[in-house]
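What follows is a set of notes on a single structure, which appears directly below.
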Amino acid sequence: MTQTQDLEMAARQGNGAAGGAYYPPPRAGAGGEDLDDDGRKKRTGTVWTASAHIITAVIGSGVLSLAWSTAQLGWVVGPVTLMIFAFITYYTSSLLADCYRSGDQATGKRNYTYMDAVAAYLGRWQVWSCGIFQYVNLVGTAVGYTITASISAAAVHKANCFHKKGHAADCSQYDTMYMIVFGIVQIFFSQLPNFSDLSWLSILAAIMSFSYSSIAVGLSLARTISGRTGKTTLTGTEVGVDVDSAQKIWMALQALGNIAFAYSYSMILIEIQDTVKSPPAENKTMKKATLLGVSTTTAFYMLAGCLGYAAFGNAAPGNILTGFGFYEPYWLIDFANVCIVVHLVGAYQVFSQPIFAAVETAAATHWPNSKFVTREHPLVAGRFNINMLRVTWRTVFVVVSTVLAIVMPFFNDILGFLGAIGFWPLTVYYPVEMYIRQQRIQKYTTRWLALQTLSFLCFLVSLASAVASIEGVTESLKHYVPFKTKS
């Protein structure tokens with residue numbers, strides 16, 4: 001049986017907690033007051049915890065590239081693109097939230113994962129394609145966050161070096177060691193069983209994301225006010241001055257992919273929704289959390305993109321806090337980059353938990369009597385359990401994602417590619433198709449045509465951005481020496 005069939009079987013049986021490890025059916029006398037309508041441990045999530053998960057997932061490494069993206073698109077297209085992607089993300093996320101339960105929104109059968117929802121509404125072959133898109137994107141995000149965290153960790157050393165030796169000094173650092181350290185930290189955090197156990201980490205990570213985003217915005221504003229700004233234009237980078245005509249097209253398309261990645265979280269929306277308590281109905285809570293999360297994110301993104309572009313102009317660095325447009329105050333740059341690393345520790349887990357859940361659920365389905373797969377070993381006076389499958393499989397996953405990050409350390413190109421391949425299928429196509437099936441919208445009606453037009457236009461954007469990002473990776477590979485990458 002293929003891995004995709006394993007995942008499909010797990011999705012159809014619903015035999016695993018969303019975003020977490022396998023949960024066996026409750027034993028007799030477990031106490032109905034502590035169980036939800038599906039017999040699982042009672043969910044306790046609220047608008048605030050769901051919003052924290054969303055903000056943790058959304059405001060990540062993408063915010064650091066928005067000044068560069070705005071520089072490629074200019075004052076007109078840049079901000080408009082941010083607003084368009086924000087609206088599309090909110091709208092399609094609202095459609096997806098309605099698909100958490102099949103049938104009645106308050107009492108219908110729960111879909112524990114994104115793939116559960118696709119299986120319930122769209123059928124077998126769609127589950128296969130969804131699994132490929134979702135899990136490739138989730139793995140890619142883990143790799144991207146490892147790269148970003150290592151660059152930010154190296155930037156702490158570089159900021160101190162520039163402060164002591166001057167801005168012209170060679171303070172470049174090899175990134176490999178920082179990636180390895182980040183991977184070791186993730187091995188330990190990966191042993192937390194599921195999303196519910198990550199609430200505190202998500203709240204901490206959300207605070208960190210606000211902190212470094214605010215610092216980036218504040219430093220950009222200060223530079224703009226001081227008058228030490230770069231040249232800006234309505235159309236962004238100028239052909240013949242900053243770039244040639246081919247570069248202008250490729251970089252503009254890549255910028256669209258970066259912005260798409262900056263809003264990417266739909267692939268874990270159902271998993272987040274499965275942590276929310278009811279009543280009220282989970283879709284109502286999730287829509288409020290989505291509105292709060294996307295609105296907050298968009299406000300930060302507009303400030304980061306526009307003020308960053310105003311400060312640096314067409315020469316805006318790819319990563320606003322590690323590209324060293326800012327040198328002083330060095331201690332503030334250090335603090336911001338530490339916040340990025342702490343945030344990405346949490347964000348890595350938010351995006352990795354659905355992968356862990358899928359594999360562990362499939363294993364528990366096929367080998368329900370295996371002690372290696374299902375037995376929990378209590379530690380720390382019974383307050384924490386370890387499972388041998390969880391320890392082994394999750395450690396292997398972290399090691400592989402770390403190695404991939406070491407092999408492919410191309411920040412902007414990786415961000416653009418991840419945004420491109422994940423945005424259309426996971427944020428637009430599947431939510432739209434599930435909503436059409438759920439609401440029984442007839443073909444060729446005005447509403448059906450509007451939804452399909454939205455999906456098709458987003459497909460074109462994703463395709464163009466993916467091609468541009470591949471071109472960017474190809475260019476980077478021409479100058480790449482394995483395990484010798486410096487930032």
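The backbone N, Cα and C atoms fix where each Cβ goes, glycine too.
Annotated features, as they stand in TrEMBL:
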type: REGION; residues: 13-40; note: region 'Disordered'
type: DOMAIN; residues: 43-473; note: domain 'Amino acid transporter transmembrane'
type: TRANSMEM; residues: 47-67; note: transmembrane segment
type: TRANSMEM; residues: 73-92; note: transmembrane segment
type: TRANSMEM; residues: 174-192; note: transmembrane segment
type: TRANSMEM; residues: 198-222; note: transmembrane segment
type: TRANSMEM; residues: 289-310; note: transmembrane segment
type: TRANSMEM; residues: 330-351; note: transmembrane segment
type: TRANSMEM; residues: 391-411; note: transmembrane segment
type: TRANSMEM; residues: 417-436; note: transmembrane segment
type: TRANSMEM; residues: 448-470; note: transmembrane segment
Problem - Stretch with greatest number of CB pairs under 8 Å, the transmembrane segment (174-192) reference, 47-67, 198-222, 330-351, 391-411 candidates - result: 391-411
Problem - Tertiary contacts of the transmembrane segment (391-411), as residues 6+ beyond its ends and Cβ separation under 8 Å - result: 61, 65, 139, 142-144, 146-148, 150-151, 175-176, 179-180, 182-183, 186-187, 190-191, 318-319, 352, 355-356, 359-360, 363, 472-473, 476, 480, 482-483, 485
Practice task
Taking the transmembrane segment (47-67) as the first stretch and the transmembrane segment (448-470) as the second, find out whether 3 or more Cβ pairs fall under 8 Å, excluding pairs closer than 6 in sequence.
Solution key: no
Problem - Contacting positions for the transmembrane segment (198-222) when only residues 6+ beyond its ends and CB under 8 Å are counted - result: 19, 45, 49, 51-53, 55-56, 59-60, 63-64, 67, 189, 192, 275, 300, 303-304, 307-308, 310-312, 320-321, 326, 332, 335-337, 339-340, 342-347, 349-350, 353
Completion exercise
Per the Cβ under 8 Å criterion, with at least 6 residues separating them from its ends, the transmembrane segment (73-92) contacts 66, 232-236, 252, 255-256, 259-260, 262-263, 265-266, 290-291, 294, 297-298, 301-302, 305-306, 309, 427-428, 431-432, 454, 458
